[in-house]
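Undergrad: Have a look at this one.
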Amino acid sequence: MEERYEHKTQARIQNVVRTKMMDKYVREEPMIRGPTFMARLRSHTVFENTPIKLFCTVEGFPMPLVKCTAKVDENLISLLTWKLLFYSLFFYRCSTDDTAQYTAVACNSHGQASSQASVIVKSDPLPPVLFHLFLPFSNLSAAMLPQIHYTKIHITFLDKFGPVFATEGESARLTATMTLNPNLANLQPEAQWYRDDTRLFDSKWVKIDTGRGVTTLTIPNLFKDDEGLYTIRMVTKGGAAEHSAFISVSDGPPPVTGAPGAPMDIKIHDANRDYVIVSWKPPNTTTEGPILGYFVDKCEVGTENWTQCNDHPIKICKYPVSGLFEGHAYYFRVRAVNSHGISKASRMSDPICVCVCTLSSLCVCFSVAEGKPPGAPSKIHASETDRTYVVLSWKAPAYSSKAPMWYYIEKCMVDSGAWQRVNTQVPIRSPRYAVFDLSEGKHYKFRVLSANIHGASEPSEPTGPIETLQLKGLLCVPSAPGQVISTRETNTSVLIQWAPPKEPNNLIGYYIDQCVKGSKDWTSANHKPHKSTKFVVSGLTTGETYVFRVQAINELGLSDESQESAPLTVKAALSHTAFSATPSAPYDIALLNCDGHSMVLNWKKPLHSGGAHVKAYYVDKRRSGTTMWREIHIPSVTERLYKVTGLEAGTSYTFRVCASNAAGVGMASMASDPLTAKALEVLEASFSLCIQGSQEVCCVVDEKSGDIVLSFESCQITEGSQFLWKKDYKEITDFSKGLVIKTEGSHSKLIFKNADKEDFGTYSVSVTNTEGVSSSYSISAEELTKMLALSYDIRHPIIPLKSELAYKILERGRMRFWLQAEEISPNVTYKFFANNKELSGPNKMGHDVSAGIIEFIMDHFTEENEGTFTCQITDGGGKGQSSLVLIGDAFKAALAEADYQRREYIRVKEGPHFSEFLSLHVGDDCSVTLVCKVSNLKKESVFQWFKEDTEIVPDVKPDLGSGLCKLPIKLFSLKTAGVYKATISDDRGKDMSQIDISGKVFDDAINKINQLAGASAAELVINCTATGIQLQCHMKYYTSEMNISWLEINTYSIVITNSENSNKRTLDLSGDGQYLLSHLLHRGKVVGGLPDVVTIMEKKTLSLTCTVCGDPKPQVTWLKNGSDVEADDQYSVSLDQGKFASLTIKGVSMENSGRYTMIVQNKYGGESVDIVVSVYRHGEKMPEVKPTLTPKTIIPPKFPIEIPQSKTQPAPSPAPSTPSPAPPKAAAGKGVKSPTPTRRK
């Protein structure tokens, strides 16, 4: 009985163990992963003697070990509680010594993770005794407390950091010192560092230190990722003060000369169980060769073993890395490859942990019977498609079995029906997977099967056709950027602007190159892609002239270079040697008026002028919620008042202002409050308020006179009542400053004829003989400033213009600048300025009152006149201004036209000149000639030809009697392209004409040659040569630049293409030609068996044997050093069965060394093969002879091959689409002969 009970107990225990083991297998398998902080440590700031509890929640399997790296003192107790790996650290009573940064590190066999928190313990603000003293006053009324006024802190930078130019691997240090006014110990600003609008914090890459008016940012090890615009922003409650400078990081020395720079900006995307996607940005290749591809490396966290992920270089800047281990953390880096070698590695990425699927992607559980395979997945689709891989996602089936479930993926080409399993060895556990190794531009279908230990499900419904991407369209490099404009900025920097490419194709940014004018040494201005279409190139040499170009980039590489900018000499836009400091920032930007589409802005001048007079202001705007500032006017503003036009009604904008003096442009002001473009309800001067009990003083600016008016109307006035006006509750008695009181009936006005900034205050009015009728109005300084600005606009109206300032080029190259106003008076005055310098000359300026035209004539327009031209008009109280900017291509066009008009006047009126300039002519025989015509000559006139400034002496002298001069260009091709110039001169002067034979001019000439040569092309003929069979076509002229192509579609064709049509000649080898080719293939051939080199000892027998073939059987001839070998006692020649040829030399001696040639030939031609024989004496070391043989030589047939005439007459072929000269006809019965060179001796 006991044994039976024991047997049942054991069986029950074994059953429980089997069940638990299954649960253990099911639950442990998906839990194996590295540690992860589900709830991270949180920072605290508390007073002394306050309890703190730091806690965190950690997940991972096996269970992670959590350690605290901060030192635990006696008053610190570590309390460990277990609830989903919940850890806590408790401070019973904090002291200032507990201020520190605490780090919790969790680690297991699959990786580690950490979390940090700062604890700041402050001293108790009040002792307990003092605290109780204030308790009786806690119920006092708030009205008894003093008003707290806002304190604004003004920050002035004393020492600023400038641009830094460094190389990878070096260090950089940026330091800024400042003064605070007022400097309050408990109200210090916060220092915030930014790189290209990205906030920087202390890390292993960047160190930040701030205190006592100094802030420092240190980069211990520079990478190109660190390049950018660095900004220090000192933030207070009233705003922020900032300063910026650019750090340029060039490529370090490459491992191999000519290797490219390192890639940068490594990013990790789409981290899953066993793969991630790595992306990066390509380096600039200004001086290096083009990049052929990239290698991606990985390294597991905690090791230093870098392994290469891809066997072959990849061309796109994106790569999916597979074969990772779930729960492990990895670093990644990238190297670039070109024809010279491999670059240095990029900065490694941040660590990424390969994670498991989230809870949202787990399968939904329902009741399913045990022991069955799972159902089929559903809703399979492609969530991402690339050139060589597709990321698939699907919905898991309903599943509740304890056995683990995994997936298999199958693929097939569309219309093939052959399904192929993708993951045969690695099971997939999450409903998302990347399928790699696909072909570009192909259509695929995919389906998924779910499986467990009981079997696999039916396949899911296949996806629709999914096409992988190709290198076209959006997957091509961007087009070249547009026009590049360079503008002067400082003595060492230039502002570059350009138009974005028309086809951006997922644009990443731009690279800017610079070059000294006249040289070809291009260097990179930036080494990290720049996103904006505006860039300041720093570190230039003052007085040097530069040109610039731009390239756009995306993940496929770099675009073509843009056109070069106009040459620009580096010098400050504003220069004054006596001053070196720029002004501080303006402040208090105020809105004076708004009509819904424009705003009138006013601001206060800078507190520090920099030691020079502030000459101008620059206003920027941006939409609220955006970060891009835009300059809203080209000429500078001289007054602290500006009307912003072109606003969108209902949209909020913020503004900022920069001041400039002779030293340059200062810092920008703090951004204004958001201002909405909404019309303000401005009270009219005739406004009246006559509602019982609600009379108020209103303040307006009169629209006609510009006077500031305070008006008040009382409905309770009686006979004998008077209006008494007061300022700050004192009666107004001083009317010497233009203050006027005007009363009409029940309406009284206080009018400021000449208001100034001191007139702010509280104004009140009372009415006598009433029941205390009175009212008051407070005019603040800000409101008064706005009204003064509005009054100024009314009293100083702007003269309207019909047309803005424009220019016209007159005879002799003179420039006429003019504008037209709607109306001007005879007393109008005006001034013209060029680059802020007044243009003088009363005889050169004039105006027409009836037409409203004002003009200025400039006699000499030169390169120094590039810039901005301005006309300022004053007519009575009205003023007007208009500007014209002539820079870049616009200035070049105007200057070229002025020079042309000046030269035309001189040459036509005075000396010899070209009546017809140089032009290129192509004759009917495809000859190319330069032609020009000169006039107004005399006997002493000299005509010369030049190419690239080198004189050309033609075979035939120019005919100056007729004035027609010609220069034939022999063998016209790219080698003859270049700049040609012709000059005619005598003692009266000199004229010149030139033509650049390149680009469109060269293409047009080649197109004309294509047209003439194509029309003259003869029919194709077959030519047998020593190197093989040739198809030949004779035409008038040929050069490699002609557009000629060969086609083979059942027949052989040559096509000569021009812009209008094409000429085609065809040879059909299916008939007679096929007969000819088939017989040529039956020539004598050497099949094999002969060595290249033979080394043999004296007195031995040498046998050279090989196999030959041909139909008819070929003849074999042997040569030694070019002479026939005759059979004798030593030499024996044989040919067995017409296939096996041999040469036997008995008792070889030193005289038998040399080059032997075997010639195999029949009537259709043959081949020759060379063998080197080297004989050495007995006892000597066998010499090493290296073969220096020519390849196998083909011998043409001895006589022409006759083609038999067909018995039936073939149908005539249709006429060709384009006219072609008739080929020469062969004599009847003799066939077509192929020219054959004589056999070599």
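Cβ coordinates are placed from backbone N, Cα and C, and glycine is handled just like the others.
Automatic prediction, not curation, is the source of TrEMBL annotations.
Per TrEMBL, the feature compositional bias 'Low complexity' maps to 1187-1210. Annotation comment: TrEMBL describes 1211-1224 as compositional bias 'Pro residues'. Residues or ranges marked as domain 'Ig-like' by TrEMBL: 146-248, 674-780, 912-998, 1098-1174. Taken from TrEMBL, the feature domain 'Fibronectin type-III' applies to 262-361, 376-471, 480-573, 585-682. Here TrEMBL flags 1187-1241 as region 'Disordered'.
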Undergrad: Within the domain 'Ig-like' (1098-1174), count helix residues (DSSP H, G, I), strand residues (E, B) and coil residues, in that order.
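TA: Result for the domain 'Ig-like' (1098-1174), in helix, strand, coil order: 3 helix, 47 strand, 27 coil.
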Undergrad: Per DSSP, what is the residue count of the domain 'Ig-like' (674-780) in each of helix, strand and coil?
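TA: In the domain 'Ig-like' (674-780), the DSSP-based counts are 3 helix, 44 strand, 60 coil.
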Undergrad: Count the CB pairs under 8 A between the domain 'Ig-like' (146-248) and each of 262-361, 376-471, 480-573, then give me the winner.
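TA: Top-ranked stretch among 262-361, 376-471, 480-573: 480-573.
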Undergrad: Restricting to the domain 'Fibronectin type-III' (376-471), what is the model's mean pLDDT?
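TA: Summing pLDDT over the domain 'Fibronectin type-III' (376-471) and dividing by its length gives 85.
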Undergrad: Over the span of the domain 'Fibronectin type-III' (376-471), count residues by DSSP class, listing helix, strand and coil in order.
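TA: Split by secondary structure, the domain 'Fibronectin type-III' (376-471) comes out as 0 helix, 43 strand, 53 coil.
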Undergrad: So how many of the residues in the domain 'Fibronectin type-III' (262-361) end up helix, strand or coil by DSSP?
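TA: So the domain 'Fibronectin type-III' (262-361) is made up of 3 helix, 41 strand, 56 coil.
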Undergrad: Is it possible to list how many residues within the domain 'Ig-like' (912-998) are helical, extended or coil according to DSSP?
TA: 3 helix, 52 strand, 32 coil
